[in-house]
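> Have a look at this one.
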Amino acid sequence: MAEDMETKLKNYKTAPFDSRFPNQNQTRNCWQNYLDFHRCQKAMTAKGGDISVCEWYQRVYQSLCPTSWVTDWDEQRAEGTFPGKI
């Protein structure tokens with residue numbers, strides 16, 4: 001168990017700097033990467049491409065966004081009430 005946690009910590013990477021979001025408040029960065037991931041996933045699925053190219057966006061939004069936000073957004077997408085354009 002301890003070795004598994006050490007491996008996770010060793011391989012953990014935070015979101016890199018994004019010049020579109022230079023300020024401390026990273027809410028917009030979180031939102032944009034969430035949208036970008038799902039747009040990428042939708043586009044790659046439509047083209048029959050490999051979805052793994054979208055994993056970078058997923059890693060970034062999972063690093064930046066609170067889990068409760070992501071859960072709420074996923075539920076809203078499933079219900080068709082999500083406010084973003086994907």
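Each residue, glycine too, has its Cβ placed from N, Cα and C.
Take a look at what Swiss-Prot says about it:
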MOD_RES   ALA2  N-acetylalanine
DOMAIN    27-73  domain 'CHCH'
DISULFID  CYS30-CYS65  disulfide bond
MOTIF     30-40  motif 'Cx9C motif'
DISULFID  CYS40-CYS54  disulfide bond
MOTIF     54-65  motif 'Cx10C motif'
> Does anything in the same chain, at least 6 positions from CYS30 (disulfide bond), have a Cβ under 8 Å from its Cβ, and if so what?
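In sequence order, the residues whose Cβ lies under 8 Å from that of CYS30 (disulfide bond) (at least 6 apart) are TYR61, LEU64, CYS65, TRP69.
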> For CYS30 (disulfide bond), which DSSP three-state class applies?
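Looking at the DSSP assignment, CYS30 (disulfide bond) belongs to a helix.
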> Would you count the other C-beta atoms found within 10 angstroms of the C-beta of CYS65 (disulfide bond) for me?
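The answer is 20.
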> Quickly jot the same-chain residues contacting the motif 'Cx10C motif' (54-65) by Cβ under 8 Å, restricted to those at least six beyond its ends, or write none.
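For the motif 'Cx10C motif' (54-65), the list is 13-16, 26, 29-31, 33-34, 36-37, 40-41, 44.
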> Along the motif 'Cx10C motif' (54-65), what average pLDDT does this model show?
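Summing pLDDT over the motif 'Cx10C motif' (54-65) and dividing by its length gives 93.
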> Write out the long-range same-chain contacts of CYS54 (disulfide bond), meaning residues 6 or more apart in sequence whose Cβ is under 8 Å from its Cβ.
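Residues satisfying the criterion: PHE37, CYS40, GLN41, MET44.
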> Which number gives the other C-beta atoms within 10 angstroms of the C-beta of CYS40 (disulfide bond), all protein chains shown included?
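If we count other Cβ atoms within 10 Å of CYS40 (disulfide bond), we arrive at 19.
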